[in-house]
Each structure stands twice: as structure tokens, then as C-alpha cells.
Amino acid sequence: MDSAIQIGSSAHHTSASAPAPAPVPGHACSGTLGRHLARRLVEIGVKDVFSVPGDFNLTLLDHLIAEPELNLIGCCNELNAGYAADGYARAKGIGACVVTFTVGGLSVLNAIAGACSENLPVICIVGGPNSNDYGTNRILHHTIGLPDFSQELRCFQTVTCIQAVVNNLDDAHEQIDTAISTALKESKPAYISISCNLPGIPHPTFARDPVPFFLAPKISNHLGLEAAVEATAEFLNKAVKPVIVGGPNLRVAKAQKAFVEFADASGYPIAIMPSGKGLVPEHHPHFIGTYWGAVSTGFCGEIVESADAYVFVGPIFNDYSSVGYSLLIKKEKAVIVQPNRVTIGNGPSLGWVFMTDFLSALAKKLKKNSTALENYRRIFVPPGIPLKRVQDEPLRVNVLFKHIQDILGGDTAVIAETGDSWFNCQKLRLPENCGYEFQMQYGSIGWSVGATLGYAQAAKDKRVIACIGDGSFQVTAQDISTMIRNGQRTIIFLINNGGYTIEVEIHDGPYNVIKNWDYTGLVNAIHNGEGKCWTAKVRTEDELTEAIATATGEQKDSLCFIEVFVHKDDTSKELLEWGSRVSAANGRPPNPQ
């Protein structure tokens, strides 16, 4: 990053339906902790906070509601509130949730761990015990029954970059500001616990509006940057057919622009790792698809693995992204560019070199080389079209995704649930400005329901298209209620194939078969005549075409829930290959001792 991050307040926003909140005691004399926290959230870009009330956080919620630019969104459970803050942070760059002590905190923990794995700054605020209870021998409710009630804090220490326990007004201002600014700088979640008796008490440190943060810019070590650029340029300019592969850490490095500058200057073909989808422009003329080892987009894997040099920009190599550790990538041919480090082949590794600085500087030193791109264009054959269908034949998954492809545009965003939707959505070609999110590193099933709620709340200019399997939906279904309540107009494709299909392909067993629900019946019951919601069941291509026409036509302002029936064995071919390789990796016998 080459400039300081100045975070200031932005446009006025209140929930249209919410009545004006009653004045909060102590609010008129300005300086309360509750008001400071509310103003701080608005100022960093949080306009919506996802919450579940509990006795320890109620006073704090009063103060958040009293802030006219903050909209409090009540969720059905803490896990979904956390997932919603994760989805919100993906669209807005920052998210926040508020839960109660321990019972709420440990419920939201899984979602915060997911946000940590994906480098998302989510501010997790917990209403804590009365400040007088700290250091006593008292046993409190909502705890495991021991006088030491630090269990929640200890759990959050491993999944957040900073923890602030605010039980004293004298240092509350400093603790809150340090926690929020650290989350922004580190791009990781922060945990803030606030004693339930403190939000409404005036204190001189809160006497004025918070001054906007000034986060000092990260500047590369100049000598390290020069050395890294020189060594990489020499390495790449010697190569015959180099390629570029974009990865998920492009987001945390905020390097998308520099990536395109580098790609334009080099002439190399651009591939993405599966977890980098949505961070690299797929309408770029050099784009060749997803590099995912044995399950890569057609012709893309061959071009990447046959290259004599590859630049991986922000990669995460794990067992899933490497298809059970089966990538044919050689370290000596790779330049690995991470947010703050560059490693060239087996040779030098230079730290405190930031991705944006490095890519921009490297772009100016490269000889243009389009050999690999020309090779790709020479061997490329367009994908086949699905076979002719007979009248009323059951809908196939590849036909469903052909229709989803047709409704994508710059004003849409795709949310792909963990499961076969990973593979099917990966094959969608994203138009310019089309959003795309999934949770590949953590892979928590059910993530997409809350994330869809949060993303749609943050990106009101886009219509979210969520692809969710029936097994995942059963984990977090109830926050469809919150989507309807907030007037969201998402289109959800619920893929009903009778089980946990991704797990069937890794290791089958009776536990992968689930009880079938009447999914549209459930959503209609949740709708209950309040708000705008439309549902449809789809079994054939003609029914699908009709449902999509309705969802994008007369029901374009409603939440549209389309239940799609497909055969339990109808999966992408990529899942079949990937599942068998991941299964082999999971099943490796112990090494001899």
C-alpha cells in the first residue's frame, strides 16, 4: 500500500422500517462508551451490525440503536450473525457482530475462526459480566460454573489478532481503538468484551467525537524491494513460457489493481487458484481459467504445469487447493509473492517487500512474453454443450449452471456453499464487476446462508445469487427469516440431491444421507405473509427457465427461493476426481516410527 488509510464517516443510513429509538440515559451529555463504540463502527464503514440479544449486551445494544447511522440486524442465532459479519466484511472490507457472554461467544466462535482463516477484519463484540465481578470468587450464569470465567477469552485468543476485555472506563477508549485499528491493520478478527454496566456511564475520555483513524502506511524496505524486483525480472526474462497464477491473498494485500498492471505489462496468461476466484478479472484477454491441478479448467492446468516459470501471487497451498497434494509444481520454477514477502525459486527470499509495491515495480522491468498465451490459444477447444434433452427429462446439474451463467452480470454476486457448488460455480465465467465469494480455507458447511445475508446487506447495488446444497442449508436455514425481514432480494438455488454429496465422494456411508425436507414449504412458513418472498420447485429445464424468468422479472424485488431437484449421483466430474484424491490424502497410513 502506498498511501495512508484515512477512515472517515460516510453517508447517513437508517433502517426504513425501524422506529426512532428512545433516548439512551446518559447519552445527552455525549461522552459514553456505548456512543463512542457506535460512532467508531460507523466511521470505519460498518453501517449494519449483526446481533443476538442477551442479558449482558442489552444496554450496549440500546446505545448502538441510538446511533442514527447504524442499523442493528437481529439474527436467529450467533453462528449466523458471525457468518453474516464475515459476508459483510467481504463486500465492505469490515464487519461487526454483537453477542452475549460465553453462551453467545462460544456459539459465534466457529464463524470468527472462519473469518480468521480468510483474513477478514470482523469486530466481534461481546457483552461481558458486570465490572465488579472481575477478581471475585463469584460464579456467574452463562458460564461453565467456575469462578474463573475467562474461558471465552481463552477460546478467542487463537482465532483473533487482538483481545480487549473492557471492564474499566479509564482505559476503555484506548482498548477499543487499539482493538479496531489492529483488526484493520492485520486484516483479522478482533474480540472486544464490554462489561454490561459500562456502556451508559459518561467519562471524560469520550467527551468528543472520535477522531478518524490514521493507519500508517506499510512501506516496503527499499533495498529489499529493489533486490526482489531485480532477481525476479532476471528469473522471468530468461523463461520461455512463463505464466501467472492469482491466489486468495490478493485480497488481504489489496493488490488487485497492481496484479492487473503486472499482467498487462508481462503478456503472460493469467490463471487463478480456486480460492482466488473473484479477485482477478475474468474478462481480461489473458485469462485462461482456474488452476486446480487435476481438476483445472480445460487446457489451463496443462499450460500452467508445462510452464518453465510460474508466478504465484498470494497463494495458499493446502490439501484442498492442491487436490490432496497432487499439484505438478516445482519449487525451483516458482516465484511466490505473498503480501509481505517474495521467494524466487530455490533462491532468495526477501521480507518486508509488499505485494502492491513489488508487482507495480516488476511490471516496469519485464520483457513482454506471450508464448504461453499463444500456446493456450492454439490448443484451446471451447467446452461442449449439454446433450439434446428429451421432453420432461429430469434436470441435470450442468444444465442448471448453464442457466445460472446466463443471469450473471456486473450487478450480481455469486455465493457458493461448501460442497459440489464449489466445483460448479468455479466453472462460471464472471462478467466484469460480478462478485464471487466462497469459504475454501475453512470450508464450514452452512456458511453461505449467513454470508449471503451479510453480503446482500453490504452490497445493496448487487443481486446475490446463492448456490446452496440441501445438507448445508439444513445447518443454518433459519436466517432466511432475517433476509426477508430486511427486504433482501437474493435468488437462492437450493440444490436438493438428498445428502452431503461432497462427503459421499470423499468417503461414503449412511451418515451422508439426510432427511428430506419440503424446503419451499419451510421457507413459506418462515415468510408467513410478512415481507416479499417467492418460492418454486423445479424438476425440469422448462420449469427452471420459467422460474428464473419470474425471479428476474415480476419477482425481481423479492427474495426468490428455487428448490432444484437433481439425482443424488449427479455431480460435477471435478468433484469425482477431487474427492478420490482428497480421500487418498486423508487415508495415508501412519509413517513407520
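Here the Cβ of each residue, glycine as well, is placed from N, Cα and C on the backbone.
Unlike curated records, TrEMBL annotations are generated automatically.
For the domain 'Thiamine pyrophosphate enzyme N-terminal TPP-binding' (32-137), the number of residues in each DSSP class (helix H, G, I; strand E, B; coil) is 53 helix, 22 strand, 31 coil. What TrEMBL records for 32-137 is domain 'Thiamine pyrophosphate enzyme N-terminal TPP-binding'.
For the domain 'Thiamine pyrophosphate enzyme central' (229-346), the model's pLDDT averages out at 96. Under the heading domain 'Thiamine pyrophosphate enzyme central', TrEMBL lists 229-346.
The annotation domain 'Thiamine pyrophosphate enzyme TPP-binding' is assigned in TrEMBL to 439-564.
Annotated Mg(2+) binding site per TrEMBL: D470, N497, G499, in sequence order. The C-beta environment of D470 (Mg(2+) binding site), restricted to residues of the same chain at least 6 apart in sequence and closer than 8 Å, consists of L494, I495, N496, N497, G498, G499, I514, N516, W517, Y519.
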By DSSP, how many residues in the domain 'Thiamine pyrophosphate enzyme TPP-binding' (439-564) are helix, how many strand, and how many coil?
58 helix, 27 strand, 41 coil
Go ahead and report the DSSP secondary structure tallies for the domain 'Thiamine pyrophosphate enzyme central' (229-346): helix first, then strand, then coil.
39 helix, 24 strand, 55 coil
Tell me the Cβ neighbour count for G499 (Mg(2+) binding site), meaning other Cβ atoms within 10 Å of its Cβ, over all protein chains shown.
20
